[in-house]
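Have a look at the structure below, then the notes.
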Amino acid sequence: MMSESNKQQAVNKLTEIVANFTAMISTRMPDDVVDKLKQLKDAETSSMGKIIYHTMFDNMQKAIDLNRPACQDTGEIMFFVKVGSRFPLLGELQSILKQAVEEATVKAPLRHNAVEIFDEVNTGKNTGSGVPWVTWDIIPDNDDAEIEVYMAGGGCTLPGRSKVLMPSEGYEGVVKFVFENISTLAVNACPPVLVGVGIATSVETAAVLSRKAILRPIGSRHPNPKAAELELRLEEGLNRLGIGPQGLTGNSSVMGVHIESAARHPSTIGVAVSTGCWAHRRGTLLVHADLTFENLSHTRSAL
């Protein structure tokens, strides 16, 4: 067991690690996003689309060179944490994440995006009631912490929708729901977008799953072959809409479609859609019990 002084040192160290990582992902896209954008850029045939993709890559390089956020909307910070039951700072992790956000806000700097409901006052720290939002998965007999950081920008959050379908609507109803939302709303979400689809029982379970879906590496597939096929068919169909980069038409509309699912009630099909914009800022940090860490999402960047 750690002494109080040693524990405080460990808390300070992990806070600094997470703060630096959060600040870093505001300026650098994860490897898979950069690779996918390059693929779409090379495949684009419209002159306007080519110009926009060129501007996107110029923007990404300037963000790195100037060490400034790649988009002025650095989002509301969310954490999706898979932590072992034996991780030594499990009890302190919630407060560590909050303090890390406040420190990253100054380091990056990050735009102030936490407005208290009803008071309508911006806290100026990117923290507040329930913010940063943290989703927990506790892993038995494990002493690591995998921390996924996501910057939920306003534009890419606006298309988010969730609905409960009658079972008679079937998977055709799921497809219709996805197409209705992306075709009408994604144009203003800084496309090409990454589409997350959650399928479960209720609006809240489907919504959480849809958000988790856009945290997966682009191009990864659902373990169920039928779901994986639906991911590919949705991606192909949405790209035929020709929304194009920044909604000005082009060869593609999406960077990918990911589905996350959970067993449902026989009487309902809960479905939700979440989107990530082209500047999809998320990162995965694996922290070991001794506080050594691995940057799993940005292997071309150093903390």
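Every residue, even glycine, has its Cβ placed from backbone N, Cα and C.
DSSP gives CYS190 (iron-sulfur cluster binding site) a coil state; it is part of no helix or strand. According to Swiss-Prot, the feature iron-sulfur cluster binding site maps to CYS71, CYS190, CYS277, an assignment based on similarity to another entry.
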Cβ atoms near CYS190 (iron-sulfur cluster binding site) (within 10 Å, other residues, all chains): 22
Cβ neighbours of CYS71 (iron-sulfur cluster binding site) where a neighbour is any other Cβ within 10 Å: 20
CYS277 (iron-sulfur cluster binding site): tally of other CB atoms within 10 A of its CB: 25
Residues within 8 Å of the CYS71, CYS190, CYS277 Cβ centre (excluding the iron-sulfur cluster site residues themselves): ASP73, GLY153, GLY155, CYS156, ALA189, TRP278, ALA279, HIS280
